[in-house]
Amino acid sequence: MAALGALVKKVWSVRRVLVLLCAPLALVPVLLSLPPKEGRCLYVILLMALYWCTEALPLAVTALLPIVLFPFLGILPSSKVCPQYFLDTNFLFLSGLIMASAIEEWNLHRRIALRVLMLVGVQPARLILGMMLTTSFLSMWLSNTASTAMMLPIANAILKSLFGEKDTSKDMNRENEENQASLQQNKLYTVPTEMQFLASTEDKDLTEEKEVTSDALSDLKKEEEYKANIWKGFLISIPYAASIGGTATLTGTAPNLILLGQLKSYFPECDVVNFGSWFMFAFPLMLIFLLMGWLWISILYGGINLRGWKTKKSNIRVDAESRAREVIKEDYQKLGPTKFAEQAIFFFFCVFAIMLFSRDPKFIPGWASLFAPGFISDAVTGITIVIILFFFPSEKPSFRWWFDLKAPNTEMQPLLTWRKAQETVPWNIILLLGGGFAMAKGCEESGLSVWIGGRLHPLEGVPPPVAVILITIVIALFTEFASNTATIIIFLPVLAELAIRLKVNPLYLMIPGTIGCSYAFMLPVSTPPNSIAFSSGHLMVKDMARTGLLMNVMGVLLLSLAMNTWAKSIFQLGTFPAWANIHAENATVPLTAVENVTLSALNKI
């Protein structure tokens, strides 16, 4: 195995070197077949897309390429490229990451998770629902990867309490040896069965005299399959809930913020997308999808038995569920009483969310209307709250300290230290967002987005509702193999120009494309949460493929339903807005010139 691992690493290293060296040369025809500026910009975008998809360079390093290539190729001066890496959208995302770091520091997420599990109950279907609800809620504010990594240890502890450890009598292990070996070969966690529990609790003399009949072996096999399926259902529900939950807020996942940043770049007059309006649209969609996903996972993996739904549970399962309940209570009690720091973090978290919601809710004047128009953004709100975390005390302050001259002058620990933020905040995502914004700016300034729009004539006859479904399907399939951040960076400029060609609100196509990037459920490599769950060794690729296929279908259909119902009133999707019309008028002037120059070049491609 070690030799095989070394060989795989060598092959991967050679592949990375080949991609790094050959990709720039292979894309040279793009420079020659298109108009100069548009061709150079498309060359940079395709090179970055190739590096992102193959991970020949780290994703954040690839995101820095526009700083070098755009000025050298004459696409954009560095004075326009570099500011894209620190737009206010980046700071909004940074505030969410820092808030998540403070929540992790004081274990508030674990207290919330265990409390929810205590409320929903310990039956398998209810526990899966509790895990999905908790994971999705955490993923609304934390990163999807962090939410998954937090919840998997809790799930493993509950599963072990339900099914026990591999510690059974020798006789039963010998009789069930082939079954255990097959489970290990399929990388499933081997768990003691109902018959094994019975055998271990009986007297030794009775166990030795007892003969295992064919009916007992059949029951044993069924119990083994049931528990293996429940284990799969638990593990697969967590990454799926993290991906679904991240779509509910602007800060929940990177593609949502890339949409906001590119809207400000392409359509500066567009002000209908903010934290509050996005939440009103995405939160109901998230809840519906989460419920449908829970039903599908529970039915598929035996959490809900439609045939024997009235069947009485065995005593062993009742005992196992009571043990699981005790484990959850014990873990919760280990946290001790609620600390002052946890209460403070929860308070500031609530203030963080309420201020973002109420800044500019559109249907009523928000608190931002008290200030000069355009001065207050979501980034200002978020950074204001997280700055407080760095000086607010983590222990209840005593006012007697101010009047007691003999009191020790000890420094009080804040809710969050900068050292902790440096260690836990994934700073590379900020660079990744900046690279996407720089790429969008290059597309706009070079005229590439206009050129792409000119090539979309065949799609002008497609009805907008059909276009939404097609776009979501294409992007959901693409993001199964590529980073969702890289996917949305590549597709958003195309969707913006397609919307202008179709004379529909750009949000009508850009929002489904953005959310579709998070609907990657079929492969372990699709998202980091999927990879984390798969690396536990209890899941196989076919498990994710068969579960994720219907999840993708449900996601596409529910997203299409949302875009054609409540999203229309929230984002005014029924009309072609003035802010998009201004962009279209500015784009039509260079478009005619570009079309004349590029027709001959296009025929050569």
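Note that Cβ sites are derived from N, Cα and C of the backbone, with glycine treated the same way.
Since this is a predicted model, take the numbers as computed values, not measurements.
Here is what TrEMBL says about this protein:
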- 43-73: transmembrane segment (TRANSMEM)
- 123-142: transmembrane segment (TRANSMEM)
- 234-258: transmembrane segment (TRANSMEM)
- 278-304: transmembrane segment (TRANSMEM)
- 340-358: transmembrane segment (TRANSMEM)
- 370-392: transmembrane segment (TRANSMEM)
- 425-442: transmembrane segment (TRANSMEM)
- 462-495: transmembrane segment (TRANSMEM)
- 507-527: transmembrane segment (TRANSMEM)
- 547-567: transmembrane segment (TRANSMEM)
When only pairs 6 or more apart in sequence are counted, do the transmembrane segment (462-495) and the transmembrane segment (43-73) reach 3 or more Cβ pairs under 8 Å?
yes
Is the count of Cβ pairs under 8 Å between the transmembrane segment (425-442) and the transmembrane segment (43-73), pairs 6 or more apart in sequence, 3 or more?
yes
In contact by Cβ distance (the transmembrane segment (123-142), the transmembrane segment (507-527); 3 or more pairs under 8 Å):
no
Ranking 43-73, 123-142, 278-304, 370-392 by the number of C-beta pairs under 8 Å to the transmembrane segment (547-567), which range is first?
278-304
Determine which residues of the chain contact the transmembrane segment (370-392) at the Cβ level, with the cut-off under 8 Å and only residues 6 or more beyond its ends counted.
88-92, 94-96, 98-99, 102, 250-251, 274-275, 344-345, 348, 351-352, 355-356, 359, 414-418
Positions on the same chain near the transmembrane segment (278-304), where near means CB under 8 A and six or more residues out:
123-125, 128-129, 132-133, 136, 226, 229-230, 232-233, 236-237, 240-241, 244-245, 247-250, 256, 357, 511, 515, 546-547, 550-551, 554-555, 558-559, 562, 566-567, 570-571
